[in-house]
Amino acid sequence: MEQYEKVEKIGEGTYGVVYKARDRATNETIALKKIRLEQEDEGVPSTAIREISLLKEMQHRNIVRLQDVVHSEKRLYLVFEYLDLDLKKFMDSSPEFAKDQRQIKMFLYQILCGIAYCHSHRVLHRDLKPQNLLIDRSSNAVKLADFGLARAFGIPVRTFTHEVVTLWYRAPEILLGSRHYSTPVDVWSVGCIFAEMINQRPLFPGDSEIDELFKIFRITGTPNEETWPGVTSLPDFKSAFPKWPAKDLATQVPNLEPAGLDLLSSTCRLDPTRRITARGALEHEYFKDIKFVP
């Protein structure tokens, strides 16, 4: 750890404390994540080390680069490129952002580029939210943070500071207890983030797992075997769930153009097998006026 000098604590993420730090060798500013392990006395699980090592291979302009992994005295430090702005802070400080449909489209496109890259390497995020979409102020590039960490460390119910980990972006198959979910969970999260950029408020702001599910079902309609084959077999599905009819998504996101609404509805399909893929979303007509392909 001698190589890195902590400058200041900048936040407390899902997995531990995040510091702004300096690489003594290059003088570069970096972000240092100290991973808090549940079984501290047992040291770092080898599975976590393996997973994290794979993430060093992931290099893409829309992913926050993992530069180094430092494993010392039962502690694990992850060294990332330093970015001090995230999408949540950006939205909170820019009330005009919702009116800039072009900017929203560019952000969404970049988020999907990063996700498509990760999915092509069989890496899931599982906990996408505006707080872990970082923005490079100099280029307006959006970069995804914390990709792959859920598989290495699991997603705790609470952060180590006892904040509840948000459920607002969590896919219905996870909320219903599915153990066999895959890449569509990230696409669901992106749909929620897309709607939030347009509306300037979260689409499904549930305060518990059941409240989250019901907020979703009130808009999408309560699923059944016809609309989502296999749903009644999921561990946490209850036949006593209220049976809400589906609403037109246009009533929930009134300021979105028709092509955007079509894309949004294809990310927010309850049945994960019918949800659009990240790669498919990039080819959607909503993006037809975007010239560059990162």
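From the backbone N, Cα and C atoms, a Cβ is placed for every residue, glycine too.
Annotation source Swiss-Prot lists active site, proton acceptor at ASP127, citing sequence analysis. The Cβ neighbour count for ASP127 (active site, proton acceptor), using a 10 Å radius over every protein chain in view, is 21. Secondary structure from DSSP puts ASP127 (active site, proton acceptor) in coil.
Cβ-based neighbour count (10 Å, all protein chains) for TYR15 (phosphotyrosine) stands at 23. Under the three-state DSSP scheme, TYR15 (phosphotyrosine) falls in the coil class. Per Swiss-Prot, ATP binding site is recorded for ILE10, GLY11, GLU12, GLY13, THR14, TYR15, GLY16, VAL17, VAL18, LYS33, and the stated evidence type is sequence analysis.
Residues annotated as domain 'Protein kinase' in Swiss-Prot: 4-287.
Other C-beta atoms found within 10 angstroms of the C-beta of THR14 (ATP binding site) number 24, with every protein chain shown included. Sequence annotations record features per position, and here Swiss-Prot assigns phosphothreonine to THR14 (among others) based on similarity to another entry.
The annotation phosphotyrosine is assigned in Swiss-Prot to TYR15.
The feature phosphothreonine is assigned by Swiss-Prot to THR161 (among others), with similarity to another entry given as support.
Least packed by the Cβ count within 10 Å, out of the binding-site residues ILE10, VAL18, is ILE10. Counting neighbouring Cβ atoms within 10 Å of each of the binding-site residues (GLU12, GLY16), the lowest count belongs to GLU12. Taking the Cα atom of each, VAL18 (ATP binding site) and ASP127 (active site, proton acceptor) are about 17 angstrom apart.
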